[in-house]
Amino acid sequence: MKECFRIPTTGAFGDPIDENPSGAMMEAGFRSTGLNWRYQLFRVAACDLQDGLDGIRALGFSGLNLTIPHKITAVSYMEGLSESAALIGAINTILVKEGKLHGENTDGKGFVIGLRENGIFLAGKRLVILGAGGAARAISVECALAGAVHLTIINRTEEKGRELAALITENTSCTAEFIKWVEKVSIPACDILVNATNIGLYPDKSLPDIDYDTINQNMVVQDIITNPAYTPFLQKAGERGAHILDGQSMLIYQGALAVELWTGRKPDPEAMRMALIESFT
């Protein structure tokens, strides 16, 4: 006779969250390890984050992902942080262990793995990052640690942009600078341009306000948005001849790292990829 009918539960907090396609992908990851775990999406407003985190502890969740707008705010509620999460100052993954919340960040690592799987290696590369929020911080730190030589942070809020540039310069061997995001800001010479904002996330069809004439065929341009996969930003970059990458690779690999953290088992990224593709059909 089966001894336990309780199914381990994980999920994600965000606002908005309805357009997030990660549920089917994450459960495919669990199945690929032989585990019957669940992953649910929860719309949690910024003002309700503490109550939500108390809830997952009380309900015995095994883990949680965080998306906009919680990645930075949630740090202060953790009882433990990984070394990289402490450096980044933002988390996207929580491990619940013996009733305590431990914060980790798999965003940047997933981004780096996704680039590598597409044949792009960061050693010696110059990057421009649009945004300075939680995802931008994770991507910037992990790219710097992976060998990037220079980062340019473009952000509307000067304080946050300068803080991120200083974080990179002071804690890695990579140099960094800040550029104020003004109307039709020019993109400086770089190898990789990343939109790390939520501009263009479904149902929003707007474009990051940059000078698209400064994008060229020698650049790799990636959007971290996954819905839609082919954003207006990527369409414009593709028209300029750039090599474009959507946000699905980052989503898959950050998710795979989270599954491994929670379960101790390595999931099959290809199974997760197929589930993600099917969720859009």
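Glycine too: its Cβ is placed from the backbone N, Cα and C atoms.
Remember, predicted model here, so these are calculated numbers, not experimental data.
According to TrEMBL, the domain 'Shikimate dehydrogenase substrate binding N-terminal' annotation covers 13-94.
Around Gln254 (shikimate binding site), the same-chain residues at least 6 positions away in sequence with a Cβ under 8 Å from its Cβ are Asn92, Thr93, Thr106, Asp107, Lys109, Gly110, Phe111. The shikimate binding site annotation in TrEMBL covers Thr67, Asn92, Asp107, Gln254.
Summarising the annotation, TrEMBL assigns active site, proton acceptor to Lys71. Shown in sequence order, Ala90, Ile91, Asn92, Asp107, Gly133, Gly134, Ala135, Ala138 are the residues of the chain, 6+ apart in sequence, with a C-beta less than 8 angstroms from the C-beta of Lys71 (active site, proton acceptor).
Residue environment of Ile224 (NADP(+) binding site) contains 29 other Cβ atoms, counted within 10 Å of its Cβ in all protein chains. Taken from TrEMBL, the feature NADP(+) binding site applies to Glu83, Gly131, Ala132, Gly133, Gly134, Ala135, Asn155, Arg156, Thr157, Glu158, Glu159, Lys160, Ile224, Gly247.
The domain 'Quinate/shikimate 5-dehydrogenase/glutamyl-tRNA reductase' annotation in TrEMBL covers 122-198.
Among the features that TrEMBL reports, domain 'SDH C-terminal' is placed at 250-276. Among residues of the same chain six or more beyond the domain 'SDH C-terminal' (250-276), those with a C-beta under 8 A of the stretch's C-beta atoms are 10, 21-22, 24-35, 37, 62-63, 65, 92-93, 95, 104, 106-107, 109-111, 113-114, 117, 222, 224, 226.
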If you measure every Cα to Cα pair among Glu83, Gly131, Ala132, Gly133, Gly134, Ala135, Asn155, Arg156, Thr157, Glu158, Glu159, Lys160, Ile224, Gly247, the residues listed for NADP(+), what is the largest value in Å?
28
Cα-Cα distance linking Thr67 (shikimate binding site) and Thr157 (NADP(+) binding site), given in Å to the nearest integer
20
Rounded distance in angstrom between the Cα atoms of Glu159 (NADP(+) binding site) and Thr67 (shikimate binding site):
22
